[in-house]
Amino acid sequence: MRLLLLLVGLSTLLNHSYTQNCKTPCLPNAKCEVLDEVAACFCSTGYTGNGITICEDVDECNETSVCGDHAVCENTNGGFSCFCVEGYQTSTGKTQFTPNDGSYCQDVDECNETSVCGDHAVCENTNGGFSCFCVEGYQTSTGKTQFTPNDGSYCQEIVNSNCHLEHDCIAANINKTLKRIGPITEQLTLLHEIYKNSEAELSLVDIVTYIEILTESSSLQGYIKNTTSPKDAYFGSALTEFGKTVNNFVEKNTHEMWDQLPTNRRRLHLTKLMHAAEHVTLQISQNIQKNTQFDMNSTDLALKVFVFDSVHMKHTHPHMNVDGGYVKISPRRKSAYDPNGNVIVAFLCYRSIGPLLSSSDDFLLGAQSDNSKGKEKVISSVISASISSNPPTLYELEKITFTLSHVKLSDKHQTQCAFWNYSVDDMNNGSWSSEGCELTYSNDTHTSCRCSHLTHFAILMSPSTSIEVKDYNILTRITQLGIIISLICLAICIFTFWFFSEIQSTRTTIHKNLCCSLFLAQLVFLVGININTNKLVCSIIAGLLHYFFLAAFAWMCIEGIYLYLIVVGLIYNKGFLHKNFYIFGYLSPAVVVGFSASLGYRYYGTTKVCWLSTENNFIWSFIGPACLIILVNLLAFGVIIYKVFRHTAGLKPEVSCYENIRSCARGALALLFLLGTTWTFGVLHVVHASVVTAYLFTVSNAFQGMFIFLFLCVLSRKIQEEYYRLFKNVPCCFECLR
């Protein structure tokens, strides 16, 4: 037993590395300490062992989560340090920390850094990191939905079939293309670069982009002016390259893409293209030194240039043969001229561009412009003729004559000589016009014309029933006169229904609102229908017309429903009925207009008038509700006439059949104009336009306010009595009333 106790005591002493007064040296990672009056070697903090023979480092990092969340532990001799993982930082801003110093790891918001994701991208912070997403209209270069800057991804523009509708997309593509070809300063190389790009498969946005570059880029046209190469062949090559480039933009296989554009946008870009083609051709040709002729012929574009000096001017007759026809320029004769002058005459022929410039969207209330008939089509090539002379008065145009073959037979149709009329400062309003041109001969296959100015020419075909210029002018005067008279009559009606207390009733309330709606519609029409120079203002006017005309229709419908309720003798609550009448009369048109605008706001306002475009059948957002209301009114009309006929026959059995029919006819006529069934002529004019439907529709609707005044006020016995009371105290008026 004593031996066992001795062994235990020795073991304890050894474990404490007992030596008298630590006579045995302690290890470097140990220190001598007195415990219970006994000196011994003990390992320092962070180490374990007997202090004499061994002191091993303690790996604190083996302990789970010793550093807390979002941190990693790093063991050191006699201790450890904590570091925040990527995407986190210490709360105290230190690089490293220990758990007992009050620090912890918190998320770093990388999105606070400007442009951390690069161009056209947005940053989204996440716990311990962030993700990048491309903005609308862009996608990652690697096809990923999200990315980080260090994975090699970046945002690039999405070029798709709908991109042409977005201005930002076009602008971005133009800038990108200019950056790529901008460093090229040599003219032929630049034209060749654009031509080479146009030879590849093109999207609509590519075509529009290159047209904008040709139109707006000063690098091309400016360098043309500064080029001094003496080689005419050099510039001939430039003209060839340029002609092929334009051809690639207008050849037939691009028409399907062009058709994707709204009519006004398509016309705008084609106008820019034709203007740029004419301008650049003249600019290049100015550098040709010799008297020469240049021809270029491609699939859908032909080009011919005459360059001559004043010495050869009398013997040069600029002309161009055009696919079975020709075009010829005749200058004014002069007795004296500058012997050092020079002249350039350029012709371009676009063989297939005509259908893209045909008219399609100019219908409103039966009125059509003399410059753009409702169903006109281009049935020939489009030719361009331009002159540049130095000095400018050296070679002035007297006339241009041309004969063009028809691409379609013109049987039972009339042809017209026309030119593409546009302003260089505003190319949005390009349209066909016949001003300054006259037809000299026409048959089923060819038409000959003579014009007094230069631009782009073509032959138009329109149905023989189309409205002629004289008819259009007459219709315009009828519309203006009728609306002015109607406004006066409607103003009298509004005054009558508003201020004559003796006639106040539900029916006069309906009449008052109907007259107000129609008054505002016709006032906006008279003032703003032709304010088409500002697209935004024109769209607002079209929207107001859409709303007020629909409101007038709604109150017309209410009139029919109310008369039906009276005739059939249904019992109704007056207050409830009035409330619902106002809701239907003013809210339902607003719903229709709002819904239509949300689906196709760009169809409010055309290049001709501030009305709804017929493109994509958008005009039916007005005609549809109008037809529905007309149908409801016609049904109510039938019931009312039937009831009135029976009622009249029952009350006056002694009245002859003629008088009975006349009584019914008077009421029928009143309802016919009052309830707007004359708008049926408008629908007929849309479906089958003719001079007859145009006159019927224009007269019946322009004077609708006058008809309302006649039937609601003049022929009303009660209102006659009110007018008598009003004017009987006025001597001059009383004598007239006697």
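Please read every residue number as a count from 1 along the shown chain.
Heads up, the Cβ atoms here are built off N, Cα and C, so glycines get one too.
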Check: The disulfide recorded in Swiss-Prot for C132 goes to which of C117, C134?
Finding: C117
Note to self: Just checking the record here: does Swiss-Prot list S44 and L577 under the same topological domain, which would place them on the same side of the membrane?
What the structure shows: no
Notebook entry, point to check: Based on the annotations in Swiss-Prot, which residue of N15, N175 is described as N-linked glycosylation site?
Noted result: N175
Next item on the list: Quick one: which of C84, C111, C123 does Swiss-Prot link to C105 by a disulfide?
Entry: C84
Next item on the list: Could you check which of 213-263, 366-416, 417-467 is flagged in Swiss-Prot as region 'GPS'?
Entry: 417-467
Checklist line | C43: disulphide-linked cysteine among C26, C32, C55 [source: Swiss-Prot] | finding: C55
Check: What average pLDDT is reported by the model for the domain 'EGF-like 1' (20-56)?
Finding: 78
Margin query: Can you give me the same-chain residues 6 or more apart in sequence from C61 (disulfide bond) with a CB-CB distance under 8 Å?
Written below: C73, E74, N75, F80
Check: Do at least three CB pairs under 8 A connect the transmembrane segment (581-601) and the transmembrane segment (481-501), leaving out pairs fewer than 6 apart in sequence?
Finding: no
Checklist line | Cβ-Cβ under 8 Å with the transmembrane segment (523-543): same-chain residues at least 6 beyond its ends | finding: 364-365, 426, 428-429, 480, 483-484, 487, 593, 597, 601, 604-612
Note to self: With CB pairs under 8 Å as the measure, which of the listed stretches 581-601, 622-642, 695-715 comes out on top against the transmembrane segment (548-568)?
What the structure shows: 622-642
Check: How many helix, strand and coil residues does the domain 'EGF-like 3' (107-156) contain under DSSP?
Finding: 6 helix, 19 strand, 25 coil
